[in-house]
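Visitor: Just dropping this structure here.
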Amino acid sequence: MIFRTIRIRDADDARLKAISKRLGLALSLDEMKAVRSYFERLGRDPIDAEIHAVAQSWSEHCSYKSSKYYLKKYLGSLKTDYTILAMEDDAGVVDFDGEYAYVLKMESHNHPSAVEPYGGAATGIGGIVRDVLCMGAQPVALIDSLFLGDVSSDRYEGLLSPRYIFGGVVGGIRDYGNRIGIPNVAGSLYFDKLYNSNPLVNAGCVGIVRRDRIVRSKSYKPGDVLVLMGGKTGRDGIHGVNFASTTLGKVTKSSRLAIQLGNPIVEQPMIKAVLEANDAGLIRAMKDLGGGGLSSAATEMVYAGGFGAEITLDDIKLKESNMSGWEIWISESQERMLMECYPEDVEKIRQIAEKWNLDFSVIGQVTADRRIRVYYKKRKIIDMDIEFLDDSPVYQRPYRIKEVEKSVTVPQEPEDLNSFVRDFMARLNTCARFNVVRQYDHTVRGSTIVTPFVGRPNKETHADATVIKPLENSMRGLVLTSGSRPNMVSVDPYAGTLLTLAEAYKNILSTGGRPHSVVDALNFGNPEREEIMGQFVESVRAIGDFCRKMGLPVVAGNVSFYNEYRKTDIMPTPTIMMVGLIDDVRRSRTTYMKGSGNAIYLIGEPCDNLTGSEYSRMHGYTDGFLPAPDLDELTRIRDFLSSKADMILSSHDVSSGGLFAALSEMSFGSGIGFHVDISNVSAARPTVKLFSECGNGLVLEIAKDKEEQFVDGSNGLAIKRLGETGGDRIIVDEAGLNIIDVAVDDLRGAWEHGLDRYI
């Protein structure tokens, strides 16, 4: 059957809802009424391909209908003079050195990873690479931030085991990224039972492109030819964006069919082919076929240019010969790219596709009118006003802001801190990530200067950020970091999001870079619930306030709503990917202690608050007053570190696990111990000083002969000398009394093997 007519003009409310449910449209009653009114004006009922096209374009995933208003309100003006493209195309573009630009994007692939962890995570990597590639850029680095369930829990009815999801997600990222030859260099991993049903897979990518070879995702001229290159089109991923725009139910056959199937063996030559065609100047515009498939890609590209399109589906290479027109139109099969070119360049691109053994089809042309017309087997299956398709409803949903707690709860002190810190450093959210991250290739392109792990052989520790040298003939580098603080955002969405951004900022400073740009992936529950919408609004407001204060552009983003199962929402999780610049990668700093007899300093005013910390959560406390970071102080820290860069041997930010975790991780990278006295940090209890995670703290290692020069000119910045490096033990005193004394290797063993039994 070529097409069916869907009778909606005479449908009452009940029938409209039934049509939406039966066809998997995920459109509300009001939206179905708007579709009915449109076709009433046309004097006909829609063809199946037309109503499916509307559902794709109007899905939460594609349209941002619940978030667009607030994103524009708080983030719309965040550009700088070095911003090239922000919030306009498939990825953000930022100047790198005047001649080259870097391209960056982060996307979520949450619902697919809940249903098919391996495939969902793999296609998340493939899709984000194509978002960067379609701007004409060579992908140079992958980033992934993962938020997974309690891996010790049993299978839930209708859901997959969190441990199974863990293994599948890591395996999908590993296999896709390693096979396409792009290093996976940065990210984060967080566990909580609230992610049991809704794991979050936030994938990011950074690329490099010559400024005169940047490709836009908008059409240029009527008469230009539209071509499709890459893999074949199949039934995999049909209704993927609709599925991603609703709450999760049980894992079923239909939900599995909404998952795309990735093939890195096609993606890798497609990267080569696209870059070859772009280097030859053959591509006028380009868009990845991601969520919504050809329907979204073609409509969005010509709409952005102010045009329309006429498209024929017959020559598209199919995985299954009996596919209907609407299935071809909305298929989300992976590894496909839509390109616009001059008519005289079609054969040149075809030859490049054949060289790399890729499928190639001429599918249509750009038209001057603002309509989209699609033909299949000599029948017109779509004839619609493109503005109606692409101008989805925009909702200003009501929201309620959580009342800020005034109290501060301090858990009881452990009787034996030596025993406690062994258990603490082995916890899921404080232990080493070696088992996961070592499955990824960090150095495949030969451009990774600082890898995710740094230190002496067999004594490695975590880096704060990684450094990539994207150009062969330049020492200029990109500093990359990504993560979120859902434990803090859950307590106070505004302050918690500021702390997320502050941590990313400190990670880049700690590595020797200067923060340069931001992208986000905002993961929340059901926006139809006022408290969830309130979390989102406060989080976006915090991103705007932070970036405006610190002079950073927000150049791209992604919103993932409806992350709930049976009215249980995820923790609000705004993931921040921040990119910094470093003028000379040879001046990068790392986190491990470099030698014995060096001084240890803490800079930044202590927070003296355990709210949201791993220490508090370990004791069952999840609420309380959460102070926002002092951004004026953070600015002073930035300037101070820049002026003292040559004196700093190593540095590490104070964040997850607090001051004790920061000091210990610095020690683990070399096996060198330390002896500190924390009595001058503040007047708070020892556990508060050791395990507080808020504030702007960084720990620095300074050579003894540079100390006087280092502390000179601090301009009121809080700088506390804690002690010295040396020996093979971790020793912490309070006012001259010893409170912790453990062997470095003993504590490292607990930290290093915390994940062993789960993956």
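Including glycine, each Cβ sits where the backbone N, Cα and C put it.
Residues annotated as active site in Swiss-Prot, with sequence analysis given as evidence: His61. The annotation ATP binding site is assigned in Swiss-Prot to Tyr64, Lys105, Asp520, Gly557 on the grounds of sequence analysis. The Mg(2+) 1 binding site annotation in Swiss-Prot covers Glu107, Asn558 and rests on sequence analysis. According to Swiss-Prot, the substrate binding site annotation covers Ser108, His109, Asn110, His111, Arg130, Gln260, Glu332, Ser333, Gln334, Ser560. Per Swiss-Prot, active site, proton acceptor is recorded for His109, and the stated evidence type is sequence analysis. Positions annotated as Mg(2+) 2 binding site by Swiss-Prot: Asp131, Asp288.
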Visitor: Using DSSP and three states only, what is Asp288 (Mg(2+) 2 binding site)?
Guide: strand
Visitor: Between Asn558 (Mg(2+) 1 binding site) and the residue listed as 'active site, proton acceptor', find the distance joining the two CA atoms and give it rounded to the nearest Å.
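Guide: Pair distance, Cα basis, whole Å: 10 Å.
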Visitor: Filter the binding-site residues Glu107, Glu332, Gln334 down to the ones within 10 angstroms of Asp520 (ATP binding site), Cα to Cα, kept in sequence order.
Guide: Glu107
Visitor: Work out how many Å separate Asp288 (Mg(2+) 2 binding site) and Arg130 (substrate binding site) at their Cα atoms, rounded off.
Guide: 6
Visitor: Pick out which of the recorded positions Lys105, His109 has the most other Cβ atoms within 10 Å of its own Cβ.
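Guide: Sorting the candidates by Cβ neighbours within 10 Å, the top entry is His109.
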Visitor: Which of the recorded positions His61, Arg130, Asp131, Glu332, Gln334 has its Cα nearest to the Cα of Lys105 (ATP binding site)?
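Guide: That would be Asp131, nearest by Cα distance.
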Visitor: If you measure every Cα to Cα pair among Tyr64, Lys105, Asp520, Gly557, the residues listed for ATP, what is the largest value in Å?
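Guide: With Tyr64, Lys105, Asp520, Gly557 as the binding residues for ATP, the largest Cα distance is 16 Å.
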Visitor: For Gln334 (substrate binding site), name the DSSP secondary structure in the helix/strand/coil scheme.
Guide: coil
Visitor: Given the recorded ATP site (Tyr64, Lys105, Asp520, Gly557), which additional residues of the same chain have their Cβ within 8 Å of the Cβ centre, ordered by sequence?
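Guide: Filtered neighbour residues, in order: Leu71, Met87, Met106, Glu107, Val519, Ala521, Leu522, Ala556, Asn558, Val559.
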Visitor: For the C-alpha pair, I'd like the distance in angstrom between Tyr64 (ATP binding site) and Arg130 (substrate binding site), rounded off.
Guide: 20
Visitor: Compare the Cα of Asp131 (Mg(2+) 2 binding site) against each of the binding-site residues Glu107, Ser108, Glu332, Gly557 and report the nearest.
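Guide: So, spelling it out, the nearest of the binding-site residues is Glu107.
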Visitor: Out of Arg130, Glu332, Gln334, Gly557, give those binding-site residues positioned within 10 angstroms of Glu107 (Mg(2+) 1 binding site), comparing C-alpha atoms, in sequence order.
Guide: Gly557
Visitor: Reported as an integer number of Å, what is the Cα distance between His61 (active site) and the residue listed as 'active site, proton acceptor'?
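Guide: Cα of His61 (active site) to Cα of the residue listed as 'active site, proton acceptor' measures 11 Å after rounding.
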Visitor: Report the same-chain neighbours of Gly557 (ATP binding site): residues 6+ apart in sequence with Cβ closer than 8 Å to its Cβ, ordered by sequence.
Guide: Leu71, Leu75, Met87, Met106, Val519, Asp520, Ala521, Leu522
Visitor: Which residues does Ser108 (substrate binding site) neighbour through Cβ under 8 Å, counting only same-chain ones at least six apart?
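Guide: Within the chain, Ser108 (substrate binding site) has Cβ neighbours under 8 Å at Gly124, Leu200, Val201, Asn202, Ala203, Ala521, Asn523, Asn558, Ser560.
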Visitor: So, three-state DSSP: helix, strand or coil for Asp131 (Mg(2+) 2 binding site)?
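Guide: Where Asp131 (Mg(2+) 2 binding site) sits, the three-state DSSP reduction gives helix.
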Visitor: Between the Cα atoms of His109 (active site, proton acceptor) and Arg130 (substrate binding site), find the distance and write it as a whole number of Å.
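Guide: Pair distance, Cα basis, whole Å: 14 Å.
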